[in-house]
Structures are given as C-alpha cells and as structure tokens.
Amino acid sequence: MPSQTEKKPQKQWSLQDFEIGKPLGKGRFGRVYLARETKSKYIVALKVIFKEQIEKYRLHHQLRREMEIQTSLRHPNVLRLFGWFHDAERIYLILEYAHGGELYKELRKTGYLTKKQAATYILSLTQALTYCHEKHVIHRDIKPENLLLDHEGRLKIADFGWSVQSRSKRHTMCGTLDYLAPEMVENKAHDYAVDNWTLGILCYEFLYGAPPFEAESQSDTFRRIMKVDLSFPSTPYVSAEAKDLISRLLVKDSSKRLSLQKIIEHPWIIKNADPTGTC
Ligand SMILES: CCc1cccc(CC)c1NC(=O)n1cc2c(c1)/C(=N\C(=O)c1ccc(N3CCN(C)CC3)cc1)N=N2
C-alpha cells in the first residue's frame with residue numbers, strides 16, 4: 001500500500017500521446033501549437049522549445065525555473081503548465097489552451113480597452129499576483145504580450161520565463177524597458193513591488209493604448225522611467241479615479257506604491273471591474 005505522502009506517479013508523456021494541430025504563435029525560442037491528447041481528446045497548447053536555442057543562450061536554469069514555478073501555480077488567472085517531456089532536439093511544454101489568444105492583439109485591434117475591460121483585467125492581474133506573491137513568486141515580466149484570454153475572455157498570465165522564486169531581493173536584469181520599475185532599470189535590488197509598478201504601466205496602457213514612458217529610444221524611455229515622467233493626455237474617457245490609481249502605483253519609492261490589497265479596494269476597480277473576471 002503506497003504511503004499517504006507518495007504523490008501519484010507523474011505520467012511520462014511523449015509526442016505519440018498528442019495529435020498536433022495548427023501553429024498558434026511563435027516566440028524567441030520556439031513555437032506553440034494547438035494539440036489534442038489522443039486518449040482523453042483534451043485540447044492543450046504544446047509549446048516546442050529547441051534545446052539548441054536554450055543551450056546557445058544558456059537558459060536551461062531559467063527554463064527549469066519557469067517550469068517548476070508554473071507547474072506549482074494553481075490560479076484561474078495563471079496559465080496552467082500540466083507537464084512536459086523532451087526528445088533529442090526539443091523540449092515540449094503541455095500548457096492550458098487559451099482560446100481567446102493574446103490580449104495585446106485585442107488592445108492593438110481596438111486601440112484601447114473600455115474602462116470595464118481595463119478594470120476587470122487589472123483586478124484579475126492583482127488577484128493572480130496576490131496568489132503568486134503568497135507563493136514567493138515575482139513574475140517581473142508582465143506585459144500585454146504575456147497575457148492571454150480564455151474562451152470567456154478571462155485573463156491568463158503566461159510565460160513565467162523571467163519569474164523568480166524570491167525570498168530576498170533580486171538583482172537580475174530582464175524584460176523590455178517600458179514595463180520595468182526604476183529599481184529594475186537601475187539594476188538595483190528589487191522585490192515584489194516591481195509587479196505593482198507594472199500594474200500601473202498596464203492600467204495606463206489599457207486606457208490610453210500605449211505605455212506611459214514610451215519614447216523613440218531606449219535611453220529616453222530609461223530617463224522617463226527614472227524621472228517618473230508621467231502625464232495624462234486630456235480625454236473624457238479616463239476618469240480622475242483611474243488617474244488616481246495609476247499615480248499611486250507609478251511611484252519611484254517601491255515601499256510607497258499602492259499594495260495589491262489596496263488596488264482591489266480602489267474605487268475605480270470597485271466601480272468598473274467585473275468580479276467574475278469575464279467581460
Ligand atoms: C511560443 C509562443 C509564446 C512565446 C512567448 C510567450 C508566450 C506566452 C504568451 C507564448 N505563447 C504561449 O506560451 N501560449 C500558450 C498558450 C497559447 C500561447 C495559447 N493560445 C494562443 O496562442 C492562441 C493564439 C491565437 C488564437 N486565435 C487568434 C485568432 N482569433 C480569431 C481566434 C483565436 C487563439 C489562441 N494557449 N495557450
């Protein structure tokens with residue numbers, strides 16, 4: 001009789017267990033395909049990563065960390081990693097299938113989101129980050145390209161490639177500049193509050209259609225982030241309450257940024273977000 005503590009043995013998957021469908025997208029290190037597990041007919045997204053690429057950029061530790069972290073997370077707004085397997089050339093990640101595709105394509109299509117969509121997605125992100133931070137995980141790379149939508153329009157955070165299991169301050173440089181907090185772009189020690197900053201960036205981008213410190217060159221973006229050079233184009237579509245929330249997150253001193261709990265309680269969120277996460 002197996003002891004209570006023994007986990008159910010992880011099934012060893014292989015390519016033969018799946019029927020591969022259309023390609024869904026491609027990233028720097030591989031592609032993602034629609035796939036169906038043959039026995040259960042369960043639909044998944046199969047992310048194929050070339051070992052040669054991982055070795056070339058010395059990313060096995062980062063990939064291993066991504067897999068360990070994403071396998072351990074269970075939250076409605078975090079894309080599930082069900083398992084993985086490999087062959088001679090490739091590593092295969094068996095991921096939850098998000099039927100709605102990438103959020104940023106939705107954003108580019110419409111230019112900016114409605115206040116209900118924006119508030120609902122910020123609430124979902126805040127709830128997902130509250131869960132991640134309780135598990136000592138900092139995502140560090142939340143940007144529209146890493147956000148997916150399921151068949152009900154519910155947001156799913158994907159791609160934990162830059163996340164870290166953190167119990168202390170971190171020093172690693174990562175991500176594109178637009179979404180990085182000052183302490184990240186200065187390559188200083190940073191902690192969970194970097195994700196709070198990014199929520200401010202995303203809230204601004206959801207409502208205005210572009211991130212607040214966007215500039216021609218990376219060095220200009222860097223300067224604007226360091227100065228917190230924040231301005232709100234005058235438009236009737238963005239309320240004073242939305243500007244208040246953004247201004248309380250884009251604060252240089254990380255200890256003074258609005259906490260995740262205070263975001264959930266903010267009047268703009270309470271008034272505009274759909275608590276079921278669908279909209
Ligand atoms: C390798 C790809 C990659 C690189 C880097 C980061 C990420 C995370 C976003 C990823 N994607 C990833 O891991 N992904 C994991 C995934 C996943 C991507 C996914 N779905 C889609 O990519 C998708 C795209 C378009 C789509 N349609 C577009 C047209 N519409 C009319 C109908 C719907 C429907 C679904 N489901 N799980």
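Just so it is clear, glycine is given a Cβ too, placed from its N, Cα and C backbone atoms.
Listed in TrEMBL for this protein:
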DOMAIN    18-269  domain 'Protein kinase'
BINDING   R28, K47, K51, E96, Y97, A98, E145, N146, D159  ATP binding site
ACT_SITE  D141  active site, proton acceptor
CROSSLNK  K143  SUMO2 cross-link
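Within its own chain, D159 (ATP binding site) has G27, E66, D141, N146 as residues 6 or more apart in sequence whose C-beta sits under 8 angstroms from its own.
When the recorded positions D141, E145 are scored by other C-beta atoms within 10 Å, D141 scores highest. Looking only at the recorded positions R28, K51, K143, the densest Cβ neighbourhood within 10 Å occurs at K143.
For K143 (SUMO2 cross-link), the nearest neighbour among the binding-site residues R28, K51, Y97, judged by Cα separation, is R28. Residues R28, K47, K51, E96, Y97, A98, E145, N146, D159 are the ones the record ties to ATP, and the longest Cα gap between any two of them is 25 Å. Under 6 Å, Cβ to nearest atom of ligand 1: this is the test, and of the recorded positions R28, K51, D141, K143, D159 it is passed by D159. In this structure, Y97 (ATP binding site) belongs to neither helix nor strand by DSSP; it is coil.
Every protein chain considered, the tally of other Cβ atoms within 10 Å of the Cβ of Y97 (ATP binding site) stands at 21.
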